[in-house]
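Report on the structure given below.
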Number of protein chains: 2
Amino acid sequence: MKIAYLGPQASFTDLAVKKAFPKSEAIPRVTIPDCIEAAIKEEVDYAVVPMENSLEGSVHITVDYLFHEADLSIAAELTSPIQQHLMVHPSNRRSVQELEKILSHPHALAQCHKFLNTTYRGTLLEQTTSTAAAAKYLSEHPEETLGAIGNELAAKVYGLEIVHENIHDFAYNHTRFIVLHKKPVKLELPASKSTQKTTLMVTLPKDRSGALHQVLSAFAWRNLNLSKIESRPLKTRLGDYFFLIDVQQDMDEVLLPGAINEMEALGCKVKIIGSYSSYLLGD
Amino acid sequence: MKIAYLGPQASFTDLAVKKAFPKSEAIPRVTIPDCIEAAIKEEVDYAVVPMENSLEGSVHITVDYLFHEADLSIAAELTSPIQQHLMVHPSNRRSVQELEKILSHPHALAQCHKFLNTTYRGTLLEQTTSTAAAAKYLSEHPEETLGAIGNELAAKVYGLEIVHENIHDFAYNHTRFIVLHKKPVKLELPASKSTQKTTLMVTLPKDRSGALHQVLSAFAWRNLNLSKIESRPLKTRLGDYFFLIDVQQDMDEVLLPGAINEMEALGCKVKIIGSYSSYLLGD
């Protein structure tokens, strides 16, 4: 099975793919649209891209390409803990207190802001294009006294030693990745337990405040729980929005079709992006 | 007046600051938490960071720091068009058809996906830590036949020539920046016309579907329009959320306080992040 993922090698997306699909042929792509296009053109079976709380790319790009461009379906969701570690080249293990510079992706540096501000106050920070790129640089420059922030896969791939574990500011830190496929399918993984979810994109007729309230009524009186609701600009005019809605339920025969019919009768456009299992990947 | 902004020099945030505060002393910072901290410690008067649809940093970091960490207030909002251009070193102006590589931030490469796929199919793409870093590299390597994607300020600062204008895929492409201040103030700019907005962060008591519906009722029956609603994980447990809500109205004496009282009576926690003017910056 071929899977395109948001690279480079040893990125957080790579880590999630390795955990969920240990036997697949995983192919890194440079950007999220590149991943999505590989799935549309069926160069791969699935594409795995970050959807929420990502470090290595904007979720908005994922959401917007799914709404505007791509006729792809979510086949599964992978929720993965994001754990940031400080690593050094083995030849520098005795200089951990005197690092000249610490390298990482700007989002990872931001996520470890408090740790850096206390334990490494004054140490120079340098941005790299990804956490994996920081680890790669260290492996190629053992003569420099550097640290890198990234995940355990990057430490393993590039032969580095983790010297401070879990240095991210918020203990609760997850990224949701979606597994995209050309046709609507539900991908079942042997991994751990799962919950059921359905993702909809809803465009309201006009007056947002009232119409959104009506849309939520369609879910509320059926006791359908929403785990996410987010407005996104339609990109046609300032102030026009569509809504991304995650319902904590499988597509059934009565409740969800009923809610969708009701929203359509109110003048909304509803696009079903997928009905799938959501897996929580282990540490 | 001192302003900390998300750098580097010639970033899209820098461009917005230059347009809105032409006479200020603008100080680049490496990360969004760095900018926020400069405002908290009053090392600067204001901090300007991206809030939505950003290229150069995750909005989630801004939202989460405002909710969890920072007691700052939004003093104004700047909405700026994001225009991506292809630029080259003047010595390469005759080689525009035969560029060896095109450099930019991964989000900018993603935003120009269609242009690159048609006009520069097969040309190598290389990631940089920012669009400004790509322009800087070109200015220092005139002997290499390279292109960079970035904004007009980067072209000006680094002495490059724009050879393809407005190459981003979606014509409608804006970034919202917020101007943060230690105390609740409303910053009035001479620039263009403005609209009034109030930003709230609301934590629901428990059952999301029903409670969110009630929260929206408080706005709907008062005809208070929402321009944005977004759920964000509370970071305490999977499935706990708070809501970021933008109301298209100034804080008044009756309607908004009434809605807030009603939400609090329902068991919600409401944090007012600011009541401010929103400015649309020109091209």
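Glycine too: its Cβ is placed from the backbone N, Cα and C atoms.
For B:2-182, the entry in TrEMBL reads domain 'Prephenate dehydratase'.
Under the DSSP three-state reduction, B:THR175 (site 'Essential for prephenate dehydratase activity') is assigned to strand. TrEMBL lists B:THR175 with the feature site 'Essential for prephenate dehydratase activity'.
Residues or ranges marked as domain 'ACT' in TrEMBL: B:200-277.
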Cβ neighbours of B:THR175 (site 'Essential for prephenate dehydratase activity') where a neighbour is any other Cβ within 10 Å: 22
Within the predicted model, mean pLDDT of the domain 'ACT' (B:200-277): 85
